[in-house]
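Per TrEMBL, these features apply:
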- P75: substrate binding site (BINDING)
- H105: heme b binding site (BINDING)
- T106, T158, D163: Ca(2+) binding site (BINDING)
- 62-74: compositional bias 'Polar residues' (COMPBIAS)
- C32-C231: disulfide bond (DISULFID)
- C112-C141: disulfide bond (DISULFID)
- 1-235: domain 'Plant heme peroxidase family profile' (DOMAIN)
Amino acid sequence: MRSSRNLGIRKREVVNLLKSVVEAQCPQQVSCADILILAAREAISVSGGPRIDVPLGRRDSSNPPNSSLADSSLPPSNLGVNDMLQLFAQIGLSLEESVAINGAHTLGITHCFSIESRLYDESKNDEPNEHEFELYLKLSCPKGSLTSNVSFVLNEPTTLTFDNHYFINAINGRGVLRIDAEIPFHPLTALYVQCFAADQDAFFKAFSSAFVKLSTYGVLTGSQGMIRRHCNALS
């Protein structure tokens, strides 16, 4: 069962294929956890983002997948700036890094169910959105749609390129998620958003640091867990 806060990792068959190739050369030496981190690193790099040096040596969980655990670990889609900063501070990210890691939204899409509460909850009417963009979101994600878990909007126009346009679009009132809409106007984060919008290298540097911290937080190492032979099975 997949987490209700995320539709899961796509192309898992590719991960398993990579694992089989690695296992043929280095049996039970490289974990699925390390392969996933390296895949994420490569996705950022080939999309135009920074080449991040990530430490390796993670081990895999010996427990079956748990959607409840995933739900408790992943931030909700309606997270605001204050809660975001508190969450990332707990795992060691600085204020600058916390803003930078949100720049990962420069890639990909947002499913409509993730922005329903932002668009249609009348009690939340104080977000600094541009009317035209909110109207576009509502047209793309109509209220009560039966396909909100498959319908989506692009995170931003250069959705296949890892760049600093996320911050430029956020400043221009074109943030998709609640956090995207709030982050350029919050007094603690506004200056960093402006900095990253003007200086892509500064964004890449802060993002790389944040990525490494996130990728090493709470991982299994040493004799903990196991190294699976197959990433889609406990073996």
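Yeah, the Cβs are placed from backbone N, Cα and C, and that goes for glycine too.
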On a C-alpha basis, identify the one among C32, P75, C112, D163, C231 that is nearest to H105 (heme b binding site); the candidates are the recorded positions.
D163
Including all protein chains shown, what's the count of other C-beta atoms within 10 A of the C-beta of D163 (Ca(2+) binding site)?
18
With DSSP as the yardstick, break the compositional bias 'Polar residues' (62-74) down into helix, strand and coil residue counts.
7 helix, 0 strand, 6 coil
T158 (Ca(2+) binding site): which of the disulfide-bonded residues C32, C141, C231 is the nearest Cα neighbour?
C141
Here are the recorded positions: C32, T106, C141, T158. Which has the lowest count of other Cβ atoms within 10 Å?
T158
Residues satisfying Cβ distance under 8 Å from C231 (disulfide bond), sequence separation of at least 6:
R12, V15, N16, K19, C32, I35, D60
Do me a favour and check the Cα-Cα span between the residue listed as 'substrate binding site' and C141 (disulfide bond); whole Å is fine.
21
Do me a favour and check the Cα-Cα span between C112 (disulfide bond) and D163 (Ca(2+) binding site); whole Å is fine.
23
Neighbour count, 10 Å Cβ-Cβ cut-off, for P75 (substrate binding site): what number do you get?
13
Measure from the Cβ of C112 (disulfide bond) and count the other Cβ atoms within 10 Å, all protein chains considered.
22
State the count of C-beta atoms found within 10 angstroms of the C-beta of H105 (heme b binding site), not counting that atom itself.
22
Hey, how far is T106 (Ca(2+) binding site) from C141 (disulfide bond), Cα to Cα, in Å?
20
